[in-house]
Amino acid sequence: MSAAVSVALLFFFSVALNEQVTEGCRCLQRHPQQDFCSSDIVIRAKVIGKVSSTVPGLTAFKIQTIETFKQSDKKRIQVIYSPQTSCGISLNNGEYLLSGQVQNGRVIVDLCDLVEPWNQLSQVQKASLSMYQKGCVCEISPCTGESCLIEILQKKCLLSLDDEKALQSVCLPGSDGFCRWQQSS
């Protein structure tokens, strides 16, 4: 095999492998209410620090739950896990808003979940957390351009991701059963 072919193959494989790594964790941009509704748990927690993981491939963090916004069972969460992949998270000690999925009795949090330092959330965002559960019966659908101007009377709110007003609102059902954006207070 010639040197030129070898170099070309090395370049191709390095680009292909690099693409896999950068594409390994792809999260769709969503409204925080969508993240809330699709999660098994949503909590405000104080991260105490990283601890030894008993599960291969997962990093473990010891936490203290401060406030629970959504949780199917009432077990006290003391440790959360994150994959040791490109989707994994790294947490410093401090307070966070965290969402995640429960798998085999463990809370798993990754880059596609809500992972926000508590002190960086606005008062509106904090107030919205107590309202999101009521809006989980509504669907939030992305829209672009003129399609965002169509008023849809159903269990759906339209969202343009550059719409700051919607990002500071909650999609809730009204007394007529139709969903619409409402300002959180």
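Yeah, the Cβs are placed from backbone N, Cα and C, and that goes for glycine too.
In the disulfide annotation of TrEMBL, Cys138 is paired with Cys179 out of the candidates Cys112, Cys148, Cys179. When the candidates Cys143, Cys157 are compared with TrEMBL, only one is recorded as disulfide-bonded to Cys148, and it is Cys143. Sorted by the number of other CB atoms within 10 A, the disulfide-bonded residues Cys27, Cys112, Cys136, Cys157 start with Cys27, the lowest. With Cys87 (disulfide bond) as the anchor, the candidate disulfide-bonded residues are Cys27, Cys37, Cys148, Cys157, and the one with the nearest CA is Cys27. For the domain 'NTR' (25-136), the mean pLDDT of the prediction comes to 93. Here the C-alpha separation of Cys179 (disulfide bond) and Cys37 (disulfide bond) works out to 15 Å.
You'll find the Cα of Cys27 (disulfide bond) roughly 18 Å from the Cα of Cys143 (disulfide bond).
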